[in-house]
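Enquirer: Structure below; questions to follow.
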């Protein structure tokens, strides 16, 4: 711009300067004008031909890329609850880790199940050894929780055409079932309780408003039998067989403050052997069935296999024989083997009955009370029928055959 103004000034001075007088002798030719200094070349990016300063073109911004700050891959429970997380993990290249995440989730569930099972086993062992009202109260609490789950399962069958009993009937049945172990401890009999309870439930159903259904009566009476009457046999087994186990070696060293030698009765030994054998049967069946199971056992529970059932039978009988050797009860190998087989059959039958109830209700677990195990019925289904079979074996079979 400065050069441009200088050139204009020089041109203006040439036209405005006074010409020489005529009487003078002008030079034939005017002196040559000095060539103007060449203007600096405008910058290629800023000065353009009308010599204006143009702004440089804007640079394109890099594309904005958002990346989720997620574990690689996210936990399975989060991906099930939030599908967008699963899509983000797959788009980020986590599709290949889906199977690994599933296996890790199963491993965590198995670890939680084992830890909770060990805690329950230790607590149950202490309750069984304590006996008396402690054992009866623990059975009563388990019966109350189990009966509530049972009637919720019965209520779930309404969607498939079932007719559940009214809520007040199910609550009364749950309360009666919870009282049965306590009454068994102090009176030693359950026949009057069950008969009177079934009569009261039948009368209440017949006198209800609306149209009573036979399915309501059967589900209620079966609930009294399944959730109250059968579990009460564990109280009869533990507290009703008060004869001392004289041949048990542990009894000689048992502290006097904890009851001394008289504390170790036939009922205590029989209950410990039965519970330990059930745990061994369930564990052996689960592990071997998961590793080697190929042949389905029944259509009621598709996950149960014949290989797992055989492994559970072997584990149950082996545990019974080993404990009979340690505790010196039963005395003979034949009686210990028969006791183990009976325990396994009772546990398997109870497991299948509970699976049948859940199948009709259309649910996988009976509840969510116990972490990693489901409901209380999922944990104690193997014990429901076993208590009555064990009590009958000790009271009838052993004295009758002397084995």
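Keep in mind that glycine also has a Cβ here, set from the backbone N, Cα and C atoms.
Just so you know, TrEMBL annotations are computer predictions that nobody has curated.
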Enquirer: For the transmembrane segment entry in TrEMBL, name the matching range from 72-93, 160-181, 336-357.
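Expert: So the range that TrEMBL calls transmembrane segment is 336-357.
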Enquirer: Which residue range, 4-24, 25-45, 46-66, 214-234, is the one TrEMBL calls transmembrane segment?
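Expert: From TrEMBL, the annotated transmembrane segment range turns out to be 214-234.
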Enquirer: Based on Cβ pairs under 8 Å, which of the stretches 186-207, 214-234, 264-288, 309-330 lies most in contact with the transmembrane segment (336-357)?
Expert: 309-330
Enquirer: Would you kindly list the residues that approach the transmembrane segment (214-234) from elsewhere in its chain, counting only those six or more residues past its ends and only Cβ-Cβ distances under 8 Å?
Expert: 135, 139, 142-143, 146-147, 150-151, 154, 162-166, 169-170, 173-174, 176-178, 180-181, 184, 190, 194, 197-198, 201-202, 205, 271, 353, 380, 383-385, 387-388, 390-391
